[in-house]
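Participant: Pasting a structure below so you can have a look.
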C-alpha cells in the first residue's frame, strides 16, 4: 500500500463463496482487530470475513512519531479502499464497523461506493459532541463529580496508567462488563497500551475525554447520502446510548436497530449469541 503502510489482514471463510464478503473495521484507533474475533463465526456458513489492522494499529505499520497532520479520516478511508481493491471485492462487499470503526464505515458509506451492499454500525456515534455529553451523564450517574474534578482528574487519566477508580467503574459498566478478558481481547489491549498514538491524537486520553482531532466530528448532515441498508447495533448499557445513535436512525433512509441485552460497548464479547444472530440476519436479508 502507499505511504509505506503495510496492512496486516486475516481472512476467515471461503474466498470463493458466493455470499457477500464482510469487512470488519475495529475501534480505537490503536489496538488491532483481535478483540473483534468472535465475528469470525460469521464465516461458519462459508462467507468470507476479513479483518485488518488500520495503520498505526495492531500488526500494521506504526507511526509513533508522526505529527497530528498524519492522522486523518481520509488516510484511513484510503487504506480501506486499497484493501478492497487488493482483495478484488470492489464489486460487492459489506462492512461492520465497531465504535471508531463505525465512524469510518459511515464515512465510507456516505461516499456511495457502487459495491457496498450493507453497513453495520456497532456501538458507533454520529456526533462526538453528543457522545461526550452522554458519556459524562453516564459517568455522573455512577459517581457524581463536579465539573472541575471531571476536567482535572478524569479527563487527563490514561486507562492503562493507574486510572482513578471512578473511571475504572465507568469502563466496567459501560465499556466492558466481563470480569475476565478473553485472550484475543487481551492482545488488542496490549497493542493499544504499547502504542496509543492514534487514539490520543484523534480521540483523547480516555473514552470520556473526546478532546482530540475528532472532537468536532459530526456526520449527521451527511447521513442522508447513505444509500445502502444499515444496521445500528448497540449494547443495552452501551456508552453509545439511544441518544447517541438516534441521529443514525433519523437520517439514514434504510436503517434498522437492534439492542443486545446484558451488554455494554462490546456485545460481541458480553452476549455473543444474540449479537451474532442480529448481524447474521441482517446479512442474509441483503440482496
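Each residue, glycine too, has its Cβ placed from N, Cα and C.
Curation does not apply to TrEMBL; its annotations are automatic.
According to TrEMBL:
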DOMAIN    22-270  domain 'AB hydrolase-1'
ACT_SITE  99  active site, nucleophile
ACT_SITE  238  active site
ACT_SITE  265  active site, proton donor
Participant: Take the Cβ of the residue listed as 'active site' and count every other Cβ within 10 Å, whichever protein chain it belongs to.
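Facilitator: Other Cβ atoms within 10 Å of the residue listed as 'active site': 27.
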Participant: To the nearest whole angstrom, state the Cα distance for the pair residue 99 (active site, nucleophile) and the residue listed as 'active site'.
Facilitator: 11
Participant: Any idea what the model's mean pLDDT is for the domain 'AB hydrolase-1' (22-270)?
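Facilitator: Average per-residue pLDDT within the domain 'AB hydrolase-1' (22-270): 96.
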Participant: Could you state the whole-number distance in Å separating the C-alpha atoms of the residue listed as 'active site' and the residue listed as 'active site, proton donor'?
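Facilitator: Cα-Cα distance, the residue listed as 'active site' to the residue listed as 'active site, proton donor': 5 Å.
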Participant: Hey, what's the Cβ neighbour count for residue 99 (active site, nucleophile) at 10 Å?
Facilitator: 26
Participant: Would you mind checking how many other C-beta atoms are within 10 angstroms of the C-beta on residue 265 (active site, proton donor)?
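Facilitator: So the number of other Cβ atoms within 10 Å of residue 265 (active site, proton donor) is 24.
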